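K.L.:
Okay, so TrEMBL annotates it like this:
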| type | residues | note |
| --- | --- | --- |
| DOMAIN | A:205-372 | domain 'Helicase ATP-binding' |
| BINDING | A:432, A:435, A:472, A:475 | Zn(2+) 1 binding site |
| BINDING | A:441, A:444, A:459, A:462 | Zn(2+) 2 binding site |
DNA sequence: AGCACGCCGACT
DNA sequence: GTCGGCGTGCTC
């Protein structure tokens, strides 16, 4: 018998696989997890190919273990990972590692393995014959094992049940088996009546045959979730699985509760990074054996094994959280579309402010556009948006008189109000009145934010903290003044202005503690807070039925940004914040303070016409050949000094000279210094995907083979921020 | 990425 | 005299 070999993808930053010898008679499948020696370490990897020709290398080592804790990755997950590795020019082993629960990246069998399986006695009569007639509990357990039973059911019989089970298993009287599928009774609670647009949308999804992306474009409150629910209901009636992606981990509990209420008896699992290791593995396995009918999760869930996949839903598809910002920089929304193609199923992308990429696809007819133009909740009206011009106005702690008046009226009439501030902390910078000194981070090219409560200056980019100086470090003057308004300063000002109001500040600082956000949202719903101060984390997904007024301080930040996507993001953000107001019958009011009331941006925003705004933006992007009319990638380089980083980028630019890809000149990054590293980048662009792809492959290969000295580099394909 | 081996500064 | 700094070299 000839030797057998296996190619293994490992989580190392090398764009190649490694071959190992398979010990005799071992059964290993493609997609299976194997434990292998690697240098002086032991690693977990994924078997990609099996063969009987010896690899052409000096030494071939043996596979150490092929634990059965993880069923082999199904073909479509492998293909999706291969696609991502290629598209994002990232090593396949690292992509596969990101696709797996952490426990399956460890080079040892998952300790909870025993727990997850089910057990059955193939011959109960034979088993009973070995048990004493007086051992009633043991006999009861044996009877139970006529069918596969999970560990929890077995434990329920007796405290010693697992020990008996192991004894029986050792002599072959009991076998470990696949967990039984839970009979899913799809008995949804009454579905609300849909309006005509919603019905049409649900129909479009349920009638879609094979791969079909659908863009569900609906304003806040137009009932997108109801469309998802009814489309999923249809999928479940066919016995297929639904995958639902949400942008943020904060939104999963809320959505999960709504799904559970709607589909009682349905097995719903969530997948996100907040789960404990064991739970994550359990949910992943339940998705993979088809037991979970609905899988709800953040971006990492797009890689979950789903044998019966029938529909993918991507909620708030424009949201930046779908992109991983570090390491393997992928877009889960794009991966979801590709996966739907692989599986030949529909994919439903929902948003009130679709990404321009998706909008263009819909305009080009590649995606089917489904519009929801009406608020689905009866009697609900869109909020009234007003601009408050502030260019020549005296402000009180950042507030115009109009905004303060509106807050006073709202509180007096018993309504809730939200003040939206785009920065946390007390003030974004501390400054010397005398010499102009400003608090800045010694590791980053960024200002240190004043956090008055903790008496700290803190860098929001690297986490560096220092004590607030009593005097100016440059000139010794004692007149240090906070400049600008963060959430804490706004909170302090409102406390003074509205002493009787119940204030609640909701930002990353006040919700750092586990469960804090949930508790705060509960208080808002219970009416225990009537004046909310929040950053954009409040804008997403949470319903505040009592909210009558939203005040937006300082909206202009995104209007004159060097980043061509800033306006698109600002529109989405402002529309999303205003969508929080007036959801339960009464008309909400939104006040936006701006220095530039004449800017065309605000015209489109006030008209609430995202379609018109998006079309205009697309025209501009077309004229300037910006994405989505061209394909972009960024090569980032960082070093201890700026010069080597720039030199590296110049050399790389020379490497690509003369090709179909345009390489811009190296420039320092917007945040040129971060955590002590000088950062720079070059933009690579091409009119088509294919030439960019080829250049990236060549770059990644070359840089991996001959890594630059002293320079860390990363490729960012379809970059979202600069 | 790890984890080694490999040559130069301040410490028991 | 050595403990340890991080440069560079390799991993089937």
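Just so it is clear, glycine is given a Cβ too, placed from its N, Cα and C backbone atoms.
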K.L.:
Hey, for the Zn(2+) 1 site built from A:432, A:435, A:472, A:475, who else sits with CB inside 8 A of the CB center?
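P.N.:
Here the non-site neighbours turn out to be A:433, A:434, A:436, A:437, A:473, A:474, A:476, A:477, A:480.
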K.L.:
Which of the listed binding-site residues (A:435, A:441, A:444, A:462, A:472) has the least company, meaning the fewest other Cβ atoms within 10 Å of its Cβ?
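P.N.:
Sparsest of the binding-site residues A:435, A:441, A:444, A:462, A:472 by Cβ contacts within 10 Å: A:435.
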K.L.:
For residue A:459 (Zn(2+) 2 binding site), list the number of other Cβ atoms lying within 10 Å of its Cβ atom.
P.N.:
21
K.L.:
Give the helix, strand or coil assignment DSSP yields for residue A:435 (Zn(2+) 1 binding site).
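P.N.:
DSSP call for residue A:435 (Zn(2+) 1 binding site): coil, neither helix nor strand.
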K.L.:
Given the binding-site residues A:441, A:444, A:459, A:462, state which is nearest to residue A:472 (Zn(2+) 1 binding site) when distance is taken between Cα atoms.
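P.N.:
Given the candidates A:441, A:444, A:459, A:462, the nearest one is A:441.
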K.L.:
Select the most exposed residue of A:432, A:475, where exposure means the fewest other Cβ atoms within 10 Å, treating these as the binding-site residues.
P.N.:
A:475
K.L.:
Applying the rule Cβ within 8 Å of the centroid of the Cβ atoms of A:441, A:444, A:459, A:462, what extra residues of the same chain belong around the Zn(2+) 2 site?
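P.N.:
For the Zn(2+) 2 site, the extra neighbours are A:442, A:443, A:446, A:448, A:460, A:461, A:463, A:464, A:674, A:675.
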K.L.:
Given the binding-site residues A:432, A:435, A:475, which one's Cα is the least distant from that of residue A:462 (Zn(2+) 2 binding site)?
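P.N.:
With Cα distances computed to residue A:462 (Zn(2+) 2 binding site), the winner among A:432, A:435, A:475 is A:432.
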K.L.:
To the nearest whole angstrom, what is the C-alpha distance linking residue A:432 (Zn(2+) 1 binding site) and residue A:444 (Zn(2+) 2 binding site)?
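P.N.:
Residue A:432 (Zn(2+) 1 binding site) and residue A:444 (Zn(2+) 2 binding site) have their Cα atoms 20 Å apart.
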K.L.:
Reported as an integer number of Å, what is the Cα distance between residue A:444 (Zn(2+) 2 binding site) and residue A:435 (Zn(2+) 1 binding site)?
P.N.:
22
K.L.:
The domain 'Helicase ATP-binding' (A:205-372): mean pLDDT?
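P.N.:
Summarising the domain 'Helicase ATP-binding' (A:205-372) by its mean pLDDT gives 95.
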